[in-house]
Amino acid sequence: MSLIDRFIAEFDTALRSVVGGAHSRRPTPGSGEISHANLDVAQRKHAAGLMRVNHVGEVCAQALYQSQKMLARNPQIQVMLEHSGQEEMDHLAWCETRLQELGSHPSYLNPFWYAGSFAIGMLAGLAGDRWSLGFVAETEKQVENHLESHLETLPQEDLRSRAIVDQMRIDEIEHGQAALHAGGVVLPDPVQKVMQAMSKVMTTAAYRI
């Protein structure tokens, strides 16, 4: 693929992440379940808020994987990041579809989330592959924790959302393990704490906006 073709492909990914229209290569989990099964207004609103948070997380994931893939020194790491990024695109499409089914919308702050995450990913990439992969692993670990907490509060009747979140959780675990196996280092505790604080701001805002 030429440099121009790569640029067009990456720009298309960025546009689909921010504006919408992501395509999934895998079927949407829970697609055989009833879309709004016995959800009252409050339950649907809560489910939509959580799925919006998850959608923002996938917007950020696209930015992180794109920027870190651009700066990866090792071609094998680039391939690994590309594979994980494609599965994250599935997640993005699933969340987007579920938000539409719930009569809601993605976060209005998606351009901000994408730009900020892209910049952070560039910084991680500049630090070198081992630190960049460590950042991926820690990010996926925190996302896994968020998804587990969502499974605890999503309405039991919302089988479609729950199926999506559970499959995302499984994928995130695999992505984090792949990053560590590829040579990622465990990030220092202060860095983990800063990442957790930033994540808290993002999830709180995305739930509402």
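Note that the numbers count up from 1, one per residue, in the order the chain is shown.
Note: Cβ is positioned from N, Cα and C throughout, glycine not excepted.
The DSSP secondary structure for E58 (Fe cation 1 binding site) is helix. If you look up Swiss-Prot, you'll see E58, E88, H91, E172 marked as Fe cation 1 binding site, on the strength of sequence analysis.
Within 10 Å of the C-beta of E140 (Fe cation 2 binding site) there are 24 other C-beta atoms, taking all protein chains into account. Positions annotated as Fe cation 2 binding site by Swiss-Prot: E88, E140, E172, H175.
If you measure from the Cα atom of E58 (Fe cation 1 binding site) to that of E140 (Fe cation 2 binding site), you get 11 Å. Sequence-distant neighbours of E172 (Fe cation 1 binding site) (same chain, six or more apart, CB under 8 Å from its CB) are E140, V143, E144, L147, listed in sequence order. For E88 (Fe cation 1 binding site), the same-chain residues lying six or more positions away in sequence with a CB closer than 8 A to its CB are E58, A61, Q62, Y65, D171, H175. Here the Cβ of E58 (Fe cation 1 binding site) has 23 other Cβ atoms within 10 Å, regardless of which shown protein chain they belong to. Its Cβ placed at the centre, H91 (Fe cation 1 binding site) has 25 other Cβ atoms within 10 Å. Using a 10 Å radius centred on the Cβ of H175 (Fe cation 2 binding site) and all shown protein chains, the other Cβ atoms total 25.
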